[in-house]
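Database features (TrEMBL):
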type	residues	note
TRANSMEM	33-55	transmembrane segment
DOMAIN	48-297	domain 'G-protein coupled receptors family 1 profile'
TRANSMEM	67-86	transmembrane segment
TRANSMEM	98-127	transmembrane segment
TRANSMEM	147-165	transmembrane segment
TRANSMEM	204-223	transmembrane segment
TRANSMEM	244-267	transmembrane segment
TRANSMEM	279-299	transmembrane segment
Amino acid sequence: MKPGNDTQISEFLLLGLSEEPELQPLIFDWQPLVFGLFLSMYLITVFGNLLIILAISSDSHLHTPMYFFLANLSFVDICFTSTTVPKMLLNIQTQSKVITYAGCITQMYFFIIFSGLDIYLLAVMAYDRFVAICHPLHYMVIMNPRLCGLLVLVSWIISVLHSFLQTSMVLQLSFCTEVEIPHFFCELNHMIQLACSDIFLNNMMIYFAAVLLGGVPLAGVLYSYSKIVSCIHRISSAQGKHKAFSTCASHLSVVSLFYCTALGVYLSSAAPQSSYTSAVASVMYTVVTPMLNPFIYSLRNRNIKRALMKFSGLEAIKRPVVLLLKNFP
């Protein structure tokens, strides 16, 4: 692409959920509903994940590797959705599409960090479930506090370094007069496509990162669950199989939801179709998935439900009620 006006731009325009003219009046008419919907989803995400963190922190019975990783995942989910949704809500409320150049770069930087952390933590949690089911007698020896902390620390280091590298390469690009981003946040690929300088190295880095930093954790998840399925298959009793499967059912549900929605984002962005489809897929990936994670873990996990009731004070109310019902003639 030949460079045009090579002056440094100061802002971009986020076109939101759709840039198609025929959909703009509909979005404008439904603006209060759209704002209320996304605000509700954001508050549910933050409140739900925060409850998970507080419940795990307050209950000593949940101070185990599995729940340590879950608390970290909940924290990352709060940060992940907070990088995009508040700015989108502000733009909807003010009917503005403007985001500054510095704001766009910052949003992209943190989005890459927390999306990467989601991927790595899910892979680490899969390894944790593999050790718990396939090597139960050595679980506490293998998954010791030092290893758990190291796994989380390495995940953070890789995510920060990857984001720093990608962002630094974007900062080297020149942007011309085209400043409209067909999305509701500053996504890396859309940013690169707006550049009027050579983007060959940027594209190569995206492909390299997708294979190495995305494919390797996915391969680890698939390998762990192949071993888990093999171990569960060798269990003779049906009750034993059910108990073993129940320990990883929540995580498997979260992994499936995360990777299916993430895959939908990249398939929709690669296919020759409207930006509306890509934006909807991104909403599933960045908003809906973090919102559903606390429900998946709390509804399918007795320990989490017990800790939540204890933290909220419902456990103290439940016991006398249960005793009263038992003694009621």
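A Cβ is built for glycine as well, from the same backbone N, Cα and C atoms used for every other residue.
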The answer for the transmembrane segment (147-165), taking Cβ pairs under 8 Å and residues 6+ beyond its ends, is 65, 68-69, 72, 109-110, 112-114, 116-117, 120-121, 124, 127, 205, 209, 213
Would you mind listing the long-range same-chain contacts of the transmembrane segment (279-299), meaning Cβ under 8 Å and 6+ residues beyond its ends?
16-18, 38, 41-42, 44-45, 48-49, 51-52, 70, 73-74, 77-78, 80-81, 84-85, 182-185, 187, 250, 253-254, 257-258, 261-262, 264-265, 267-269, 305, 308
Same-chain residues at least 6 beyond the ends of the transmembrane segment (98-127) with CB under 8 Å of its CB atoms are 8-14, 66, 69-70, 72-73, 76-77, 79-80, 83-84, 87, 91, 151-152, 154-156, 158-160, 162-164, 166-167, 170-171, 181, 185-188, 191, 213-214, 217-218, 220-221, 224-225, 251, 254-255, 258
Segment-level pLDDT (mean, integer) for the domain 'G-protein coupled receptors family 1 profile' (48-297)
89
